[in-house]
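Down below is the structure, laid out as structure tokens.
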Ligand SMILES: Nc1ncnc2c1ncn2[C@@H]1O[C@H](COP(=O)(O)OP(=O)(O)O)[C@@H](O)[C@H]1O
Ligand SMILES: [Mg+2]
């Protein structure tokens, strides 16, 4: 039996997450989501001989430019069923997969990552509980469902704190830093706007311009029959933020990539610096913690683990992402194995690849406002990179519309010392706006 038939025959035998199954090159990987992560996964997996099919609502999505695409909404059951039929194994590039679709895919196809990992990482409180259950520290936190609970939680934890929605936040959206007690009510209104609406007035008092009228308040209350689910976290005065991408294969092999030091601007990742500028002992510990979490959760595939490093070298895990992560893009040019190849290996149950770092690297994100200049800089004769000994590797995602703040690509700056990569970013002058 040829490799492809072997892979396909395996696919017919055991549906669901069940027993680990090895899928050899020639098998088809179905990806829920057709953005840049799916695209880079498909480019990397295609090089190994896998086939891909992506599901995405946007015509000509980044992944659809390099692989066949089913164009439909993410929660379209028929489209999900088609994806299941066309693929031998299913993965996803984002964690907010509709629960019904996740269940359908698990039933009708092979989803080695299962749906429990999604269920956990879609919700900050469940996620923190899972991290703690793996024996790994998170910032002190409290569950919050009302302004009164927020006040009580803030009194217990002490300010400053960060209030976050339990679900749906990204790039700093759905959260507010609270430094003084007077800011509690405003933060609650900002993070849980519907829940903060005042109870409908019986008569008289006019609604303030920014509070809904009685009918709207009722609509809002009906649309949100439950208390909002929020989490209040102690603000960690971190020395820096790092992340570790760990992988676990379907049969339980675990490996992690070297930690990246991450610098955010306006809550969007700007730079990843590798090696991270923290002592080696902390880097080792960070990898251990990430591996502990990925094992403790029985996760399959990649798990990105974001952490805070305090002045005295303590580590707190901030959040998880069960997929390739922006802070792991540096691996594409700087490690023996890229995070995308590693994800494919993990879900297809191949031995995991070597994660050794081959060279220091600085990854800089290219947002909409940087796109033209970054292409210019990376594609023209560049004396600065020669002088600094920096090799810029350009990755552009093929998004049809460029917008301010939208991730359009990234550049991996391979260098002898990360200081030289950082100097290149400074000198190209593109990232100042
Ligand atoms: N408890 C905290 N203490 C200090 N800074 C925090 C805390 N929580 C979040 N932040 C800051 O806000 C950023 C975004 O928060 P995060 O929880 O990672 O949400 P997102 O889903 O938007 O990435 C973090 O990268 C960090 O810089
Ligand atoms: Mg984050």
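Yeah, the Cβs are placed from backbone N, Cα and C, and that goes for glycine too.
A TrEMBL annotation is a machine prediction, not a hand-curated record.
Around the Cβ of residue 236 (ATP binding site), the number of neighbouring Cβ atoms within 10 Å comes to 19. Feature annotation from TrEMBL assigns ATP binding site to 124, 164, 169-175, 233-236, 241, 264, 318-319.
Residues or ranges marked as compositional bias 'Low complexity' in TrEMBL: 8-20 (among others).
Look at TrEMBL and you will find 198-215 (among others) tagged as compositional bias 'Low complexity'.
Annotation source TrEMBL lists domain 'ATP-grasp' at 128-348.
Here TrEMBL flags 1-20 (among others) as region 'Disordered'.
TrEMBL lists 198-222 (among others) with the feature region 'Disordered'.
Same-chain residues at least 6 positions away in sequence with a Cβ under 8 Å from that of residue 170 (ATP binding site) are not found in this chain. Screening the binding-site residues 124, 170, 233, 236, 318 for a C-beta under 6 A from any atom of ligand 1 leaves 170, 233, 236, 318. DSSP assigns residue 124 (ATP binding site) to a helix. Sorted by the number of other CB atoms within 10 A, the binding-site residues 124, 173 start with 173, the lowest. Averaged over the domain 'ATP-grasp' (128-348), the predicted model reaches a pLDDT of 89. Mapped onto three states, the DSSP output places residue 233 (ATP binding site) in strand.
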